[in-house]
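Structure, as structure tokens:
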Amino acid sequence: MASISLRALPPGQRATISAVTADGELGRRIRDMGLVPGAEITITGRAPLKDPVALKVGTTTLTLRNNEADQIMVAVPH
Amino acid sequence: MKTDISHTFALAGNPNAGKTTLFNHLTGARQHVGNYPGITVERKEGYVLENGQRIKLVDLPGTYSLTAYSAEELVARDFLVNEKPGVVINIVDASNLERNLYLTAQFLELGVPLVIALNMVDVAKSRGITINTEKLSELLGVPVVPIIARTGIGTKELLATACQVAAGENSWQPLTISYGEDLDATIMQLVAEIERHSFLTERYPARFTAIKYLENDEQLIVLGRDESPTVAAALEAEVNKVSQHLQKTLSVFPEAIIADHRYGYLKSVLRNGVITQTFDSDRLYTSDKIDKVVTNRLLGPIIMLAVLMGLYKFTFSWSELPVVWVEGFFGWLSATLETLLPEGPLRSLIISGIIDGVGGVLGFVPLILFMFFGIALLEDSGYLARVAYMMDRIFRSFGLHGSSVMPFIVSGGIAGGCAVPGVMATRTLRSPKERMATLLTVPFMNCGAKVPVLALLIGAFFTEYKAMMMFLFTMLAWLVALCVAKFLRITFLRGEATPFVMELPPYRYPTLRGLLIHTWERTWQYIKKAGTVILAISILLWAMMTYPGLPSSEQARFTEQRQTLMAAAAPEVVAELADERDHRSEAAVELAEKLTLIDQQEAAAALRLSLAGRIGTALESLSQFAGFDWRTNIALLGGFAAKEVIISTLGTAYSMGEVDPEAPDSLSERLQRSENWNRVIAVSALVFIMFYAPCFVTVACIAKEASWGWAVFSMAFNTIFAFTLAVLVYQVGMLLHLS
């Protein structure tokens, strides 16, 4: 299992969150929305200017900006 | 039947869980909307009758957590602890149970009497998710009622259950979740400290306060320092210690551990036979399929433009007729009053001050109604969140948020909107600073009232490039608005960009009832404003343009002129004027025209002498740097009331009498010939009109949405800014001999 930043995750690829490095308000917000270690996610798309990115966690679609995605590490199954 | 309020129930839950749908279903028309004191978060209340009991239902803003992130979350929490509702009805989306229960876990930790409304069980079922409600209820220790809020299934049982809970005289019973060895030990210490000093225990259970300290909840920490600096310092030191320890050993913050354990607790509950999933969870649902097209990198922007144009067309073409009706009504009203009331200041006040002022504002009502309906449609269907998503990158570079797009477009981003609904539409923004920057810059857009002024001046001075100039000025509005927003964000409204961690709600068919309630409550707020602030300002402006009026010697001079004309004319011609005939003789027509000319001269003279006229003349010493004479100044003063007034006031001021804003051709010729106007002045005036103080309806809205301080700021800042630009245009233009 390779651990990469969420920003680098290609669309359609399934991955599991391994760590959320964001702290403070952003960190809390990310966790409140269900992005916690162990959660399975898939990138579903990027906005027309490639930022923000949309991802699926459970049945919910969330969006976040690339610099916010930098603070989430994901593990990609081989 | 008792009419006293027996209970207060609060309705709480995640955004998009169906809270508003349930609220509308339960309360129907028995609801009203206000704002929470001091902030702009909407406070919705309604009444339900159940077994002869009158229950007050408060719809709390949608939240993901009880830890303060936004004003909404703060409001929800403060309401629960300060007003201690009898029951909290927690609406939970069954198809998204785990994430939704995160908030539920926090309600349980707070210990509020809770009933869970498990919504959209039908949607969950269609996705292969079955939920064992009895098991869930047993494990969480609270009643769970499955419902379908859209159709109302289960809502009767829900109310009955809530009433039972309310009647149960139950005290608050906080749930205890274990947060792991390190934190549990610290929580115990904190709780002991809190209980020893009865620190905030009036409002929060001790354990809840302890957890919020560990979660680094700013609002609670500030509150604690106010309550008792020594206890607060002791708690903070303890939290600091464990936080450093955790950083060293695990390199995580306590808040991360708390979140992990909460989710862990929920997982253990859900795996205990509560949830059974039969389909593959990777299935693409309809919503995802729509998103593949609608937010596609190439198609997305095209569809967005089409949708926005559609909204525009809908608003402006469908509201055209009702606007004419409303205007017709006020026209009829003033005509009727004109015949009923004797001539004098009272009639002038009622007709020119009150009816023209308030009527002008109410004339917008149909337009606003349609605009809000269109926005509600986009909002409730889930499309608006997609627009924010697609535009965020561009807006972020100007210090704004993706959600700022809509207010800009509504305000006239495509020339012809209105800043009033635009200002109101900023409510969708969460961050106060980004919201303020948006709210203060949307009036720069070319609203429907500026368009005729633009058309007049462009038509008069740039006949050959009309379309291109119109386009240029629309672009200029966007450029200036975004740049000013950027300026505000690096000066008065400095602050971090707020995270864009947002939910894209699934596409849904909005319910007609929801749309109508949504539209009406916003429109009604607008109407109420017309009756209060706007009425007062109308009267003030009317007085400024009427008083002190012509001295009697001047009046006598005009009367004498009229009498001389009448005396010179043949008696039969004068008689012809008196009766309303379709065909008059040439001499009579000529006489009528001459009389009108005198009337106009009298009006112009009175205007110059009025307070507004004197101000206009006094301002000439300053406004000459931008090329404006006193008459233009009065028009611009009048334009503060409403930008359309600029045309009619220019008309009066240039002795043209009443000028129809829709057909300003004659005024245009007049301005072309005037030595006080030329191309450079026209551009200078256009720039000033586009960017100076918003009209007073907008100002009143800014005051309502933000504060009077910001409203005054926007008037002063915009006017100074616009004037600087206008001076620049005029001086450079004259220097280069472009006139």
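Just so it is clear, glycine is given a Cβ too, placed from its N, Cα and C backbone atoms.
Worth saying up front: this structure is predicted, and the values here are computed from it rather than measured.
Annotation comment: TrEMBL describes B:179-273 as domain 'FeoB cytosolic helical'.
Assigned with DSSP, the residues of the domain 'Nucleoside transporter/FeoB GTPase Gate' (B:362-461) fall into helix, strand and coil as follows: 79 helix, 2 strand, 19 coil. The annotation domain 'Nucleoside transporter/FeoB GTPase Gate' is assigned in TrEMBL to B:362-461 (among others).
Model confidence over the domain 'Ferrous iron transport protein B C-terminal' (B:470-522) stands at 88, taken as the mean pLDDT rounded to a whole number. Feature annotation from TrEMBL assigns domain 'Ferrous iron transport protein B C-terminal' to B:470-522.
According to TrEMBL, the feature domain 'Nucleoside transporter/FeoB GTPase Gate' maps to B:528-707 (among others).
As annotated by TrEMBL, transmembrane segment applies to B:298-316 (among others).
Feature annotation from TrEMBL assigns transmembrane segment to B:353-378 (among others). Here the transmembrane segment (B:353-378) has long-range neighbours at 307, 311, 314-316, 318-319, 322-323, 325-327, 330, 333-334, 337, 384, 387, 406, 410, 417-418, 420-421, 425, 448, 510, 514-515, 518-519, 522-523, 526-527, 529-531, 534-535, 537-539, 541-543, 641-642, 644, 697, meaning same-chain residues at least 6 beyond its ends whose C-beta is under 8 angstroms from one of its own.
The feature transmembrane segment is assigned by TrEMBL to B:398-425 (among others).
According to TrEMBL, the transmembrane segment annotation covers B:437-462 (among others).
Remote same-chain partners of the transmembrane segment (B:468-488), defined as residues 6 or more beyond its termini with a Cβ less than 8 Å from a stretch Cβ, comprise 398-400, 404, 408, 412-415, 436-438, 440-442, 444-446, 454-455, 458, 462, 686-687, 690-691, 721. Annotation source TrEMBL lists transmembrane segment at B:468-488 (among others).
The transmembrane segment annotation in TrEMBL covers B:530-550 (among others).
Remote same-chain residues near the transmembrane segment (B:680-703) are listed as 361, 364, 419-420, 423-424, 439-440, 443-444, 446, 449-450, 453-454, 457-458, 460-462, 473, 476-477, 480, 526, 529-530, 533-534, 537, 626-628, 632, 636, 639-643, 646, 671, 710-711, 714-716, 718-719, 721-723, 725-727, 729-730, 733-734, 738-739 (criterion: CB distance under 8 Å, separation of at least six residues from the stretch ends). The transmembrane segment annotation in TrEMBL covers B:680-703 (among others).
What TrEMBL records for B:710-733 (among others) is transmembrane segment.
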Cβ-Cβ under 8 Å with the transmembrane segment (B:298-316): same-chain residues at least 6 beyond its ends: 367, 370-371, 374-375, 378, 383, 386-387, 390, 409, 414, 416-417, 448
Cβ contacts under 8 Å made by the transmembrane segment (B:710-733) with residues that lie 6+ beyond its boundaries: 436, 439-440, 443-444, 484, 625-628, 679-681, 683-685, 687-694, 699-700, 702-703, 739
Positions on the same chain near the transmembrane segment (B:437-462), where near means CB under 8 A and six or more residues out: 316, 367, 399-401, 404, 407-408, 410-413, 415-419, 422-423, 426, 429, 469-470, 473-474, 477-478, 480-482, 484-485, 488-489, 493, 639, 642-644, 646-647, 661-662, 664-665, 667-669, 671-672, 677-679, 682-683, 685-686, 689-691, 694-695, 698, 702, 705-706, 710, 713-714, 717-718
